[in-house]
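Take a look at the structure set out below.
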There are 2 protein chains.
Amino acid sequence: MSRVQQADGHQLISSFDSFLFDADGVLWLGDTPLPGAADFLRHLVSAGKNVFIVTNNSTKTLDDYVNKCKRIGFDMLSDDHILSPAKVLAHILAKEKSDLPIYIVGSSGLQKELKKEGIESFGTGPDLVESYTNVESIQQMDISRKVRAVVASFDIHLSYPKIMRAANYINQAGVRFYATNPDPRLPGPVPGVIIPGSGVSMRAVQTAAGKEPIIIGKPSKTMFEYIKERFNLKAEKSVIFGDSCETDIKFGHVNGLTSVLVGTGVHDLNKVEEFEKQGREDLIPNYYTPSLKVLFDILQK
Amino acid sequence: MSRVQQADGHQLISSFDSFLFDADGVLWLGDTPLPGAADFLRHLVSAGKNVFIVTNNSTKTLDDYVNKCKRIGFDMLSDDHILSPAKVLAHILAKEKSDLPIYIVGSSGLQKELKKEGIESFGTGPDLVESYTNVESIQQMDISRKVRAVVASFDIHLSYPKIMRAANYINQAGVRFYATNPDPRLPGPVPGVIIPGSGVSMRAVQTAAGKEPIIIGKPSKTMFEYIKERFNLKAEKSVIFGDSCETDIKFGHVNGLTSVLVGTGVHDLNKVEEFEKQGREDLIPNYYTPSLKVLFDILQK
């Protein structure tokens, strides 16, 4: 722990005016709120700080997500301070002057989020290979529909026809390729079981299309650009709390934010040491705290 | 064309004793043999050279492939000189002392090829997400079956359940992860239509599992190691003819073979110049010929 400092609540509150939080592994685990997390956030809000929840979750609609926050004690934040890649993408697309639809390799939750901003999309649900009998017939797939963008996200209906369709739409002139987030796996509730995430859809489509996606979620810049512009934030006065070095801490580095690794999720200080040995500067947090409860307890003293 | 030399048939025949050929784009296009190709191969065989067809094709069984060779004029080669990743993989697996099956994300052609060597496998055909109703139920997928290896290959039934199954099997202790070949796309018969290839299955499974596959086909070393050992070849006396810099020419570099780019397929000299500008030494051929007909015509003079 040569370079990572132990975080201190008082010092953080005096140094920063905007506080971003990853959710799962930082504020809660599944449906269980983590001790001290809601107390810490409530303290920040009452101290007049900007507080945001910034998730990469794209399996639920944001409404479901907001409801969950309220249900398990995170009711101190207004809805527009709870941010997902789907919400930011909907905002980006809504600014465009185009009536063309979006092709989605993703969930109905993502589709609903786009629809709320008036953006038409298609492609959710199964696109069964049974509709094509063999390699020869799949070559006859109708890919002539005009779209303005393709989005790759978490999709339990991910299939060969969908990947092929996405790649061919991306190859149309002027069509943009977005990915909600690059996470290869979901934080699974069953220990040891791998649940493939948005990153799998993204890599499959990217490989077939031979083109890089514009990534919306952490660790890319897109989400913070949106927050910065909409809420008039300054990177140097902002801090991100996260449990994943590869997602949250890297998001801090990419956007010029200070970062705090919270030890209640996927990565601990041993992992940080490993990244230090590998020379992965972009994954090393500025601060570490075992939990948000530790920070809240410091504030009580 | 600063470094690439024009290939000369006489010079090649005097310098090398083993000649490897990629098929589609070099010997034929689809079902149409390319002019001079069969003549050139027949000339090499009658001159006492070792001649091989080395394909990455994993959509057909090798029997289908051998039959095609004979049907369109490439009957000068014995069956065991026609090599595919499936054949080499079957050979590798047959040497192991294990009765555990292989999980295949791939075609029935691949399964048949393994079966010929007595290797049991499962997983071909659809594994429909309809058997699982939602994200929660897919977490209950039975992944307890013991396997000894997972193979990712071309599969029009590629789907979320298959990717999840493959990733979880790979995570069992001691299970190896193979990919027949990394080609992102098939050479499509319909111009402008992308047909996703083995590389898409490979990247999807690799992303979910968080592990690198052992690649059998070109440009990896595995296939040439097999040929070298079985036929007692020397790399420095061998030459590969191919139409893809990323597959065939790189295969030459990786294995220490001399390489000839044949201009009847995917890459031409403009593309070579582009790779030169990018400093991609591993993709620059030693020689270039517009077609195998040009080399055969030289031999007739």
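The chain as shown is numbered from 1 upward.
Using the three backbone atoms N, Cα and C, a Cβ is placed for every residue, glycine included.
Cross-referencing A:ASP142, A:ASP155, A:ASP183, A:ASP243 with the Mg(2+) binding residues that TrEMBL gives (A:ASP22, A:ASP24) picks out A:ASP243. For the pair A:ASP22 (active site, nucleophile) and A:LYS218 (substrate binding site), the Cα-Cα distance reads 10 Å. Separation of the C-alpha atoms of A:ASP24 (active site, proton donor) and A:ASP243 (Mg(2+) binding site): 8 Å, rounded to the nearest whole number. Figure note: comparing Cβ neighbours within 10 Å for the active-site residues A:ASP22, A:ASP24, the maximum is reached by A:ASP22. Sequence-ordered, the extra residues of this chain that approach the Mg(2+) site, with Cβ no more than 8 Å from the Cβ center of A:ASP22, A:ASP24, A:ASP243, are A:ALA23, A:GLY25, A:VAL26, A:LEU27, A:PRO187, A:GLY242, A:SER244, A:THR247, A:ASP248, A:VAL262, A:GLY265, A:VAL266.
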